[in-house]
Amino acid sequence: MAGGPSDGSTYSKKTAFVYIFNLIVGVGALALPYGFSKAGLVLGLLFLAAIGFLAFITATWLIEGLSIANFILVNKKEERIIGDDDNENYQKPPTENDSLINSEYSDNKILQSNAEDRNLLEPSGGSSSSDNEQFEIKKRVEVGEMSKMFLGNIGYKVFYGVLIIYLFGDLSIYAATVPTTLANVTGGWGKFTDHTVYYFYLFLFACFVGPFSLFNFQKTKYLQFATLITRNVAFLLMIILSIIFIAQGNGASIKQVPIFEISELASIFGVSIYSFMTHHSIPGFLTPISKKDRLFTLMGLDFILVFIAYGTLCVVSLFAFGAVTNPTCATASTSIHTFIPCQIQSLYIYNFTSYNSKFVSDFLSLFPVFTLSTNYILISITLRNNLLQLITWKQDKISSKVRNVVFSLTSSLIPVGVAFCTRNVSLLVNITGSYAGLGIMFVMPALISFYSNKILIEQYHISNPKKSPFSNKFFYLLILLISVICLILATWKIIITYK
């Protein structure tokens, strides 16, 4: 069901800005330099900017849909109140014995009641403060519930199938990556091999994320800020170390850097979509904001900052290691760190595994641990909220607290079980990011925006004062056309990779 923050707490737009940035910037950012090294500097920047802009467009559509969903919920509540009042205020028609005064008084009450009912039910003008209040985002309506309100049962079921595949796939990837990273950094212990240590770290990871998944977004505020600091330090370190390498005269010249390799477009496609994904959690982190003016601006600034961070990292990586032919950065001895430049790796942190300072190399190697652990909690909360809405079996008989615990543990621990069974998640990454991610990021927001505005006009005869500037046929068709092209590219990439 729709609902606001369960404990009534809110936070500022600055805090929301941190949440959004943390959720967008994940391990996908570390895979971007590798995609740039294949696609080229210009093509990479253009494609990254295009995907970021399209992601912003579809994010505004979900905000728009969220405001319309709140408007509909408010109006349905008012209609129920009016129905109850009609039953309570019903008066028996006057008889011949009633006095004229009583009859006039009764008629006046009935007329007054009818006028009040019309005022409540009648849509107000497009620019009134009443409209703005009705469209205010006060209730958390998850994307899945919006699909049910605007797309009907078929759209609702399709969306939830796509969403659950995406979220469970995402969490399974994270659950396997974090303990793998820890095992690679620390190595085995005596008789315990790296493989055995992996399961120990997986158990610790489950113990960490399980309790946090019981909370809501606002309860993870300090964890989010700590992660933001850690992430920024790691980003700055990689950028600074790359610039130092360039300044020492070891970097690549502009002639050695790939510029525009259109045949490698598929190499950057999947990771670019993955790097801007935040749409599934928009209701969760926007609803608790205390002042919700200029939400489009808030999202836009976040996407711009993310693009600047991504672009800077990718450009310096190309000019630092774009001309290096050494395939790996591994050292002959694990006890002595001698910086060995290598080709841009699948994750950019691996370019610094042999850095002279062991502290720096280990810190960067642990970067996915900091990022993914926090993102895991946020996505787990999102999955729990959607499962609570999807599965309503015995909802009236089981307390909300028990349901919350059950679905929180389900959303956080099942992916851990998947990571326990397998550590090979490469195919899962491609399917999750390319197919399910495409549906959540592009297709569903377009459908929600189109049909929510259609319902608003046809049933309520009113336009949304918080309407997205991109809600028109041109952008709807553009997004759907791009989705088809992206689907073809993704399928081709998977076929040539796993044939």
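From the backbone N, Cα and C atoms, a Cβ is placed for every residue, glycine too.
What Swiss-Prot records for N97 (among others) is N-linked glycosylation site, and it gives sequence analysis as the kind of evidence.
As annotated by Swiss-Prot, N-linked glycosylation site applies to N184 (among others), with the evidence given as sequence analysis. Around N184 (N-linked glycosylation site), a 10 Å sphere centred on its CB holds 15 further CB atoms from the protein chains shown.
Listed in sequence order, the residues of the same chain lying 6 or more apart from N351 (N-linked glycosylation site) and placing their CB within less than 8 Å of its CB are S317, F321, C329, P341, C342, I344, Q345. Secondary structure at N351 (N-linked glycosylation site), as computed by DSSP, is helix. Feature annotation from Swiss-Prot assigns N-linked glycosylation site to N351 (among others).
The N-linked glycosylation site annotation in Swiss-Prot covers N424 (among others).
Feature annotation from Swiss-Prot assigns transmembrane segment to 16-36 (among others); the stated evidence is sequence analysis.
A Cβ distance under 8 Å defines the sequence-distant neighbours of the transmembrane segment (39-59), meaning residues of its chain 6+ beyond its ends; these are 32, 257-262, 264-265, 267-269, 272-273, 275-279, 282, 299-300, 303, 306-307, 310-311, 314-315, 318, 441-442, 445-446, 468, 470, 475, 479, 482. Residues or ranges marked as transmembrane segment by Swiss-Prot: 39-59 (among others).
As annotated by Swiss-Prot, transmembrane segment applies to 158-178 (among others), with the evidence given as sequence analysis.
The feature transmembrane segment is assigned by Swiss-Prot to 197-217 (among others).
The feature transmembrane segment is assigned by Swiss-Prot to 234-254 (among others), with sequence analysis given as support. Residues 29, 309, 312-313, 316-324, 341, 348-349, 352, 355, 360, 363-364, 367, 370 of the same chain sit 6 or more residues outside the transmembrane segment (234-254) yet have a Cβ under 8 Å from a Cβ within it.
The transmembrane segment annotation in Swiss-Prot covers 257-277 (among others). Listed by sequence, the residues of this chain that lie at least six past the ends of the transmembrane segment (257-277) yet keep a Cβ under 8 A from its Cβ atoms are 24-26, 28-29, 31-32, 34-44, 47-48, 51-52, 55, 303, 306, 310, 318-319, 322-323, 429-430, 433-434, 437-438, 440-441, 486, 489-490, 492-493.
Marked as transmembrane segment by Swiss-Prot: 303-323 (among others).
As annotated by Swiss-Prot, transmembrane segment applies to 363-383 (among others), with the evidence given as sequence analysis. Long-range contacts of the transmembrane segment (363-383) within its own chain (CB-CB distance under 8 A, at least 6 residues past either end) are made by residues 19, 22-23, 25-27, 30, 142, 164, 167-168, 170-171, 174-175, 177-178, 181-182, 184-185, 205, 208-209, 212-213, 215-217, 220, 223-224, 227, 230-231, 233-234, 237-238, 280-281, 284-285, 347, 349, 352-353, 355, 408, 411-412.
Marked as transmembrane segment by Swiss-Prot on the basis of sequence analysis: 402-422 (among others). Residues 167-168, 171-172, 174-176, 179, 199, 202, 205-206, 209-210, 213-214, 376-377, 380-381, 383-384, 387-388, 391, 395 of the same chain, all 6+ positions outside the transmembrane segment (402-422), place their C-beta atoms under 8 angstroms from a C-beta of that stretch.
The transmembrane segment annotation in Swiss-Prot covers 428-448 (among others).
Distant neighbours of the transmembrane segment (476-496): 54, 57-58, 265-267, 269-270, 273, 427, 430-431, 434-435, 438, 442-443, 445-446, 449-450; these residues of the same chain sit at least 6 beyond its ends, with a Cβ under 8 Å from one of its Cβ atoms. Feature annotation from Swiss-Prot assigns transmembrane segment to 476-496 (among others).
Within the chain, the transmembrane segment (303-323) has long-range Cβ neighbours (under 8 A, six or more residues past its boundaries) at 21, 24-25, 29, 32-33, 36-37, 41, 44-45, 48-49, 52-53, 55-56, 59, 235, 238-239, 242-243, 245-246, 250-253, 256-258, 275-276, 341-344, 348, 351. Long-range contacts of the transmembrane segment (158-178) within the same chain, counting only residues at least 6 positions beyond its ends with a Cβ under 8 Å from a Cβ of the stretch, are 27, 143-144, 147, 151, 201-202, 205-206, 280, 368-369, 372-373, 375-376, 379-380, 382-383, 386-387, 390, 411-412, 414-416, 418-419, 422-423, 425, 428-429, 431-432, 436-437, 439-440, 444.
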